[in-house]
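Undergrad: TrEMBL feature annotations, pasted as is:
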DOMAIN    C:20-191  domain 'Cytochrome c assembly protein'
TRANSMEM  C:28-50  transmembrane segment
TRANSMEM  C:70-90  transmembrane segment
TRANSMEM  C:102-122  transmembrane segment
TRANSMEM  C:134-153  transmembrane segment
TRANSMEM  C:165-184  transmembrane segment
TRANSMEM  C:204-231  transmembrane segment
Amino acid sequence: MQWDSLSAFWDMGGAAAFVWGSYGVTFALVALEFFLVRRRRLDTVRRLLRWRRAVGKEKKERAA
Amino acid sequence: MLNTFVAVLRRDLLLAWRGRADVLVTLAFFVIVVCLFPFGVGAEPNQLRAIAPGVLWVAVLLSCLLSMHRLFAQDHADGTLEQLLLSSEPAVVWVGAKVLAFWLSTGLPVVVVAPGLALLLDLEQGALPVLVVSLLLGTPILALLGAVGAALTLGVRGGGMLLALLVLPLFVPVLIFGAGAVEAELSGTGAVAHLLLLGGGCAGALALAPWACAASLRISME
Amino acid sequence: MTAAERAPRASLFRFAAPQTFYPLAGRLAPWFAAAALVLTLAGMWLGFFVAPTDATQGEVYRVIFIHVPAAWMSMFIYLVMAFWSAVGLVMNTRLSFVMSQALAPTGAMFCFVALWTGALWGRPTWGAYWVWDARLTSQLLLLFLYLGFIALTRAIEDPRRADRAGAMIALVGAVNVPIIYFSVKWWNTLHQGASVSLTKAPSMASTMLAGMLVMAFAAWAYTLAVTLWRVRPMILERERHTEWVGAVLEAEGARAGGGR
C-alpha cells in the first residue's frame, strides 16, 4: 500500500488538482453521455409512439 | 472525353470572367487579411519578417475557403449540375475541369498577388520564388480538397461554416509544408524537401480527390 | 436487409438486419456496461493502490490510466467509424451508417478527455497546460475531424444523404489522418527540437502497464455499451414504418405504464 492515510491519498503528493481534475471531468463526461443516451432513447420511444397513434387514428378516420 | 473537359473548362472560365467581381472580392479579402496583421502584432520589421510565411499562407487558405462554396452553388441552383450528372460522360472528367477552372480563376490570381504582399511584410526577396512555387503546388490541393467539402455541403443550411469545419483540419498539412518551405528557405536549410512533399500531396490529391468529389456530388444530388 | 430475408441461415449476416440487431443490441449492452464498471474499478484499484509512485514524476503520472486509454480509444473509434462507412458505401447496408454515426460522439468524448487529461498532466510535468507537441496537436485535429463528421451528419436532414455524406467525410478524414500525423510530427521536430521530451520512461513498472491495459479494456466495454444503446433508438427512428418497430413501441409503451 502506498498511502499512509486517507488525506495522503487525497493529496496525491501535492498534485491533487491535476489528478482528481482529470478523473473528475472524465467520469462527469461519461455520466453525462450515459444520461444523454438514456434520455434520447426515452424521447424517441415517446415521440414515435405518439406519431404511430396519430397515423393510426388518421387511417381509422379515413376508413370510417 | 477531352471534349467534355475542354467544354466545361471554357464554360466555367467564361462564367468566372463574367462574374469577375467575385474574384476581385476574394483578392481584396486576401490583401486585407494580410494587411491586418501589422496592426495586430505591430509593425516591427523583424517580427513581420518572422511571421510573413505563416501569415501569407493562412490568408491564402482563408480566401480559398471563402470562395469555395461558389464552386458548385451556381450550377446547383440552375440545374446544370443535375444535367451533368445525368450525362453519359464520366463525372470525374467534368469535376476535374470545374476544379481546374476554379483554381485558374481564384487560386492563380492569389498566387500572382502574393509576392507583392510578401514585400509589404518585408519578406526577403530571395525567398519569393519559393513562396510562389509553394503556392503553385499547394493551392491546387486546397481547391481539390475544398471541392469535396463543397460537394458534400451543397445546399445544406449553414453550409459555409460547415465547409470550414470540414476542410480546415485537412488543410493543415498543406499549411505546414507550404509555410515551412518558405521558412526553410529563409533559414538556409533549403526548401526542396518541403516542395517535394507538397508536390507529392498535389499528385495524390489529383489522383484521389476528383473521384471523391464526383461521388460526393452524386450523394448530394440523389 | 433483403439479403438477410433471402438467406436467414447465413448466421453472420442475419445480424445485419435491423430487426435482429435491435434486440441483440438491447441484450448485449447491459453486459458490456457491467464489464466496463468492473474493469474500471479494477483498473483504478491497480492504478491507485498497486502501481508504485513514479520515480521522476511523483503521483501526477496516475493520470496515465485514463489519458492513454482515452487517446487509444479516440483513434481506434475513428478507424472503426471509417470502416463502417466504407462497408456502408460498398455494401449499401444501412446499419453500418447507423453504427458509424453512433460511434462518433463517444469518439469525440474520448478525444476531448485525452486532451483535457493531457493538459492537466502537462502543467506539473512540463510547466505548461499546452505545448504544440505532435501527439497533442494531431489529437486536437482528430477532435476537429470528429466535430466535422458530427456537424455534417446532423446538418443534413435527409437521412439517406446524411448517411452517405458522413461516410464520405469519414473516409476522406481517415485517408488524411496519417498525413496529418506525419506532417505535424515533421513540423514539430523542426520547431521544437528535443526541448520537450515526451518519451515515456523506458522501464515502466509492470503494474502500471497492467492498470493501463485494464482501463483500456474498460474503455472498450464502455464504448460498446454506449454505442449499442445509441444505435437502438436510431434504428427505431429509421424503421418506424415497419411492423416490428410498431410491436416494439407498443411493448415499450405498455412497460412505461400505459403510456400516453
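Heads up, the Cβ atoms here are built off N, Cα and C, so glycines get one too.
Could you give the neighbours, burial and distances for every feature on this list?
TA: For the domain 'Cytochrome c assembly protein' (C:20-191), the model's pLDDT averages out at 89.
Same-chain residues lying 6+ beyond the ends of the transmembrane segment (C:102-122) with a Cβ under 8 Å from its Cβ atoms: 60-61, 63-64, 66-67, 70-71, 73-74, 77-78, 80-81, 84, 128-131, 136, 139-140, 142-143, 146-147, 149-150, 153, 219, 222-223, 226-227, 230-231, 234.
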Undergrad: Determine whether the transmembrane segment (C:165-184) and the transmembrane segment (C:28-50) share at least three Cβ pairs under 8 Å, counting only pairs 6 or more apart in sequence.
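TA: By the criterion, they do not touch.
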Undergrad: Cβ under 8 Å to the transmembrane segment (C:70-90), counting only same-chain residues 6 or more beyond its ends: which ones?
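TA: Same-chain residues near the transmembrane segment (C:70-90) but 6 or more away: 96-97, 99-100, 103-104, 106-108, 110-111, 113-114, 117-118, 135, 139, 142-143, 145-146, 149, 163-164, 166-168, 170-171, 173-174, 177, 216, 219-220, 223.
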